[in-house]
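As recorded in Swiss-Prot:
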REPEAT    9-38  repeat 'ANK 1'
REPEAT    42-79  repeat 'ANK 2'
REPEAT    83-113  repeat 'ANK 3'
REPEAT    117-146  repeat 'ANK 4'
REGION    161-188  region 'Disordered'
COMPBIAS  177-188  compositional bias 'Polar residues'
């Protein structure tokens with residue numbers, strides 16, 4: 001109460017004069033040009049101060065006389081302060097009396113206006129227990145066609161008095177707790193309102209927190225269809241059949257398909273689609289399935305199933321190969337190496353989900369087989385031939401044994417070195433393809449003439465054969481040791497198309513290199 005009476009009068013002389021009920025000083029200020037609706041830092045006007053003040057001395061006039069004079073000088077009774085209260089609300093709060101309330105109502109004060117807490121002058125009149133003021137307010141509402149249907153006053157759990165008002169709209173039975181929700185009502189049928197709607201006509205001061213939507217006809221519960229009933233909104237009748245289902249699916253996550261069932265169905269479909277794969281490819285598929293449990297569904301590329309089956313048949317006729325652990329590890333653990341593929345598969349595309357997974361798995365197998373074919377065609381040690389090529393392999397193995405033998409190398413004969421170089425050139429594939437590995441071996445331009453070594457990093461697919469005689473003289477004289485040197489980088493513009501990669505060394509190659517260094521060194 002003391003907080004309501006507290007008034008700030010330092011910044012405005014008119015407010016100070018009204019607060020002290022100095023009628024003559026107020027008249028002089030208004031005639032001198034003071035603004036009658038000027039407010040203080042709380043947004044309170046002189047009319048509000050006149051309704052709140054309780055200052056009485058020998059020079060002050062009555063509250064009714066001061067308010068009447070202010071209203072005659074065009075004071076606005078419907079201005080709201082920073083808390084949303086009007087002069088009529090302040091009059092009801094401070095028990096200004098029925099005469100003051102009548103003056104305000106006659107000057108156009110609106111009894112249905114509400115403050116920021118949702119209370120109107122009617123609520124404050126009920127809480128102040130002023131029957132005469134309440135009767136005047138009810139009569140004013142009836143005169144304006146706003147008949148008050150119900151005003152209830154209860155005590156909350158904390159002991160405070162709470163008042164509800166309903167203007168022009170009869171209260172719904174659901175608000176008073178007479179109706180209970182249907183037994184088949186799901187949580188998605190309950191609408192939760194967290195903030196009150198903006199009040200335009202002040203027809204309701206308090207609404208329900210939970211609003212039960214109209215249930216389906218199968219449940220046997222029908223909401224009120226009255227235009228003013230708060231249990232039904234007009235726009236809900238125009239909603240289609242799919243929208244409520246989608247809203248219920250998003251609001252009730254327990255209705256969705258569990259991820260374990262999707263994963264189980266995915267594994268079964270993969271097993272049905274890929275029955276003729278090799279054990280190494282089956283290992284890579286199992287590693288991919290482990291990655292599916294931690295990531296979204298991934299897609300490598302788009303390919304038709306018919307094309308994939310055709311490619312698989314082509315590679316099966318050409319001959320099966322065995323994958324190395326590095327290839328399986330790089331293709332299964334690091335599927336993000338391809339930047340052009342889409343990252344995730346949307347869950348909304350459920351009809352094409354299993355089809356896309358099987359296609360991506362087939363494509364990954366085809367891609368690994370294609371990579372292996374290129375790998376074996378570029379490596380002279382890993383190339384396998386069938387038919388008449390087997391005889392050439394046996395001859396090359398015999399010549400390799402001759403090379404490892406120290407006798408022809410110690411003699412330094414020109415014929416043995418030339419025979420070895422010719423044999424190596426016959427086995428060399430002219431379509432040079434690089435491979436990647438873990439070791440870094442620097443080779444000179446003569447390295448590609450020796451068997452058992454990887455192809456050099458040259459741009460020209462048909463490199464010129466250097467003169468072997470010069471190096472044979474160096475070997476026979478023994479003045480220089482055969483040390484591998486870094487290849488010269490060509491300066492042709494075509495070199496941009498080649499990707500320089502490192503070579504890998506096997507134990508057999510390391511032994512050959514050590515034998516050569518012992519012999520020539």
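In case you wondered, yes, glycine gets a Cβ from its N, Cα and C as well.
Below 8 angstroms of C-beta separation, residues 4-5, 42-43, 45, 47-48, 50-52, 54, 63-64, 67-68, 71, 75, 77, 119-122, 124-125, 128, 130, 132-133, 136-137, 140-141, 146, 167, 201-202 of the same chain, each at least six residues beyond the ends of the repeat 'ANK 3' (83-113), sit close to that stretch. Taken together, the residues in the repeat 'ANK 1' (9-38) have a mean pLDDT of 88 on the 0 to 100 scale. Mapped onto DSSP helix, strand and coil, the repeat 'ANK 1' (9-38) counts 16 helix, 0 strand, 14 coil.
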